Amino acid sequence: MAADIGSQSSGSLEERFEQSLHLQNVDKQDWSLNSVLQFLKLYKFNKEWEDVFIKSRIEMDLFINLADQSKAEEFAFKNKLSKESAIQLSSCIRKTLLAPSSTRVPSKNSSYETLTYSAKDSSDDVFTETNSGFRSSNQNSSLKSFQSVPDSNVNVFGGFGGSVVDNNELLSTGKNSHQTTSLNLEGSPINLHAYKGTVTSIINDDSRNINKKTLSKQPVSEHKEKQTSFLRRFRVPGFSRDKDKTKDCPSSNSNPFHLASSNVKTLDASLDQGEWVPRIHRLESQIGLISKKKSFVLATMDDMKFTVVDITNVQNATQLRKLIAKSMYLDISIDQFDLFLTEVGGAQYIEILDDRKLDIARLYSDEFGTIKFFVKPSQNEESGMDSDTYLSFGTKSSSTYKADDDSIYHRKEDFKKQPSYPVLTSDFEITDAGPNLSLSGHQPDNKYYKGFSSAPNLAVVPELPSRRFRGFEKIRGAKGEMATKILDATEAQSEKNKFTVCRPHKKVTLKMPLNSGSSAPQSPSSNTSASVLTRNFVAHRDPPPPPTETSSLRRKNTLTRRPSIRHARSSPYIDTGHNEASKFSHTSFDPKASSKSSNSLKESVEALSEIPFEDAPALDESDLSGDPFWAIQPKQSSSQVPKENHHNIQSKLSINTEAATDLKANELSSPKTPEYCRGDDRSISLSPLSYRLRKSKHIRESPPSSKVINSGNWEVRPSADDLYEDVDRFFPRYDLDKVLVVDQSRMVSSPSKVSIRPKMKSVRLLAREASEARKEIRHNARRNKSGNLLRRSSTKLWGSRIVELKPDTTITSGSVVSQNATFKWMKGELIGNGTYGKVFLAMNINTGELIAVKQVEIPQTINGRHDQLRKDIVDSINAEISMIADLDHLNIVQYLGFEKTETDISIFLEYVSGGSIGRCLRNYGPFEEQLVRFVSRQVLYGLSYLHSKGIIHRDLKADNLLIDFDGVCKISDFGISKHSDNVYDNDANLSMQGSIFWMAPEVIHNDHQGYSAKVDVWSLGCVVLEMLAGRRPWSTDEAIQAMFKLGTEKKAPPIPSELVSQVSPEAIQFLNACFTVNADVRPTAEELLNHPFMKCDEEFNFKDTNLYDMLCKRKS
């Protein structure tokens, strides 16, 4: 045994110790010094070993490590003990630790192997590793090899714990004791002596089932006398010592599971071998470990949100069903829903659990909630269930919801523990954990909902996520009845329309009451279930009939006058008016004039375009109550306008489309431009403004403008204005006209108008509005004669749900980005590289802000080296995120949030135009001294702020300093930064990190005393020298030479002789102060701000420097 186990790596062996100890509920703390001494006495080790153990305090981990033969021999050699006794000690420790395990949970590095016995091995110390643990494999070995192990019975189900059982005690009926009859039981991976599928535990009896030859050498009485309470502590709790007890193991051919003794209750008498067992994964790793006190199951209706149900006192399936319904607040009888077994993420819901199967599944429950039930309306009740009862599924309410005239459905009882908000996602899915949308004044009385004036209105109610199993079944190849359900007409419609219905087999159209002034008849059902929506129903109003020759163009005005131009879908009939005092009436139409509809429509539009709009009255929101409409117009209405009308409308409104090359110069020349408030940006093809946008887009397909740099040449990052102006070039993978966001400026604030769907606008228009806002801020700053532009902080994303909008996502008319729910962003072109990842341009499509995202890819390869690399990367990113979350300073790159996925980690930062100081030096050359003072002062402000927050940057250099077109310098890249409680005290835990040429001497060689934040001051001196000289410090030395001069000779970077005569004495004094070798004397960042070199000329203007001209030239 010593030879075999000694050949194994110590790491692998220690892992098996951990597994064995874990299975037996044995803590390393049990191996106190007293227990170790008791162990030595038990195995009759001499007094010398006891003295050495007491002197060296060998206990706990130190004692367990001696199970490694090489470590035991090394310990014996060090303490002048015999090598043979060390080998014996190692063998005894391994027996004690490994032998008691009768089952072992498979880890990621091991799998179930077959229990083997090698008859040719004659050594007493040879063990064979199996899925059942570590057992002696020598059938002829004497009791010497296991004399300290008490007799016990064998684990049958794989979940019972017990002590080691020698192979001589496992005898098969009618077989020789030197032979092993191995039978793979159905549902059990453990090979034991068995016959006809029934496992029989062979018990250690003093006068039975023990090899006579072995007994002659070592009496059993002597074996029992050596049993002590010391070894009994390693038995698994709940271990049964009943003699000759035969147990039947229920099994399944497809997926075996084993019951723990502490979990097994009285099974039904009809449960024979081969009966049904729950098909739940990962169950076998949770059973047979400890005796539990309570039993829990999880219940869900969407495989994402689970409810914990305590079934400790449940005795039968009926009680279980009632308890699940009560826990999920389902006010229905137990006959109205079915239960299925499920897992997180979903499963195939094919097998309904009847009472017998449910009772069996109940027996498999544990304190970990391994058993999970999926609750689904029963097939018999589903078709006959009314809409209100069906909508009660998935909601936490003590009663069903009743829809009234003003709402679709509303909450009757709020969540008491966890608040949940309705989220409008890209595929129009409501991810609400429980409470329904509150509409028409039914506001929830909940402190978490304060600040929301009303809930958003939806055109359709989506299908519950719990019913989205059709695609999963198709992929897995469903057959029979399930395949028939998948391929029926109802299922086939889901391929064309993602909008789903709450009632699967009955369509209920939306009916809304009209006001008294409407000519439409009042529907008798308009007052009942008015807002129950259907699966294939697209909400809209019917198009108006064609006008007659005598019909007037005047009708009820619903347009809104706003100060800025908004773009939305136009209508063939544009509402007009002459004065605010004029009264409007509905246009009357003659249905007999259908033959002249096209000509009349053309004339109406032409005449309309000449009517002024200054005197149009403002929108009276009270008029909307009797004139319901939807944001999406029917497709057939667009065909009523001839194509030539586009040119007529455009020409009448005097839009200069021929000069649309420059988007900024091409503004509407007439203040009479109407605002198409009733339309939608998803289809703006009929509006004059859309024609202008289409033409400008067509012109942009020509060679790119000189104002935008090549996307592959990022020497200078373009300004935000240039990015907004040519947003298609920097986000080429997206169709910006189809990505929609909610227009916050038009959100309905009145609770009585929540049935009106919010207006939408495209990301292209959102970007344009953001650009106009920036120009307005700049204009106001110049008008107020402000020296610097007002700083505008980016939107913080910490704590919010952040989702990347993939370019290959199918974007439909319902793909809307909600402003109040999640932050969605689009990834643009690559703009740089960081310490661990790449930096991309991005846009927050909720707000239109341009941001930068640093993405770090997590290695997915499974091996030890990559696992450590993965851990190092994740730890580094987590440390960076924790440090920078609260930083907010003008001279620090602002961190906005982060998003973690299985493949990468994204950190969101503010977008800084321009470029790094290092790149500017390589392209431009040395900076003027006044410019160096200007930049250095800003860096010192940023460093002083970082040090006040307890952060040491440790990688300050020119490449990590960004400067924008306004001359603002920002410190970036906190990948190796470190937090310290006292930044100016030496921290011995800090390792050598940073770039060699910018390192301080104490970083390289500090005699284990560590260093402080003053290393950043040294690095600042290197940056100042770099800006003045135009090249890096130690420019004439290699990295090894620089390390030797810094660490051994304690020298500072040399100042070029030609530079001394070109710069002022203050600059030389500043460099000498930064390059003070003694860190205790070196000044702090706060002190350096008072240095004479930090005083800038009051007349200095960054835009008058050659660097600014170079940046603008590179940009263009």
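Each residue's number is its place along the chain shown, starting with 1.
Even glycines carry a Cβ here, placed using N, Cα and C.
Annotation source Swiss-Prot lists region 'Disordered' at 510-601 (among others).
The feature compositional bias 'Low complexity' is assigned by Swiss-Prot to 515-531 (among others).
The compositional bias 'Basic residues' annotation in Swiss-Prot covers 553-569.
According to Swiss-Prot, the compositional bias 'Low complexity' annotation covers 588-601 (among others).
Positions annotated as region 'Disordered' by Swiss-Prot: 618-647 (among others).
The compositional bias 'Polar residues' annotation in Swiss-Prot covers 634-647.
As annotated by Swiss-Prot, domain 'Protein kinase' applies to 825-1094, with the evidence given as sequence analysis.
Listed in sequence order, Leu830, Ile831, Gly832, Asn833, Ala852, Val853, Lys854, Gln855, Leu909 are the same-chain residues six or more apart from Val839 (ATP binding site) with CB atoms under 8 A from its CB. Annotation comment: Swiss-Prot describes Ile831, Gly832, Asn833, Gly834, Thr835, Tyr836, Gly837, Lys838, Val839, Lys854 as ATP binding site.
As annotated by Swiss-Prot, active site, proton acceptor applies to Asp955, with the evidence given as sequence analysis. According to DSSP, Asp955 (active site, proton acceptor) is assigned to coil rather than to any helix or strand.
It is Asn833, among the recorded positions Ile831, Asn833, Asp955, whose Cβ has the fewest other Cβ atoms within 10 Å in the structure shown. Mean model confidence of the domain 'Protein kinase' (825-1094) amounts to 87 (pLDDT, 0 to 100 scale). DSSP assigns Ile831 (ATP binding site) to a strand in the three-state reduction.
Cα to Cα, Asp955 (active site, proton acceptor) and Gly837 (ATP binding site) are separated by 16 Å.
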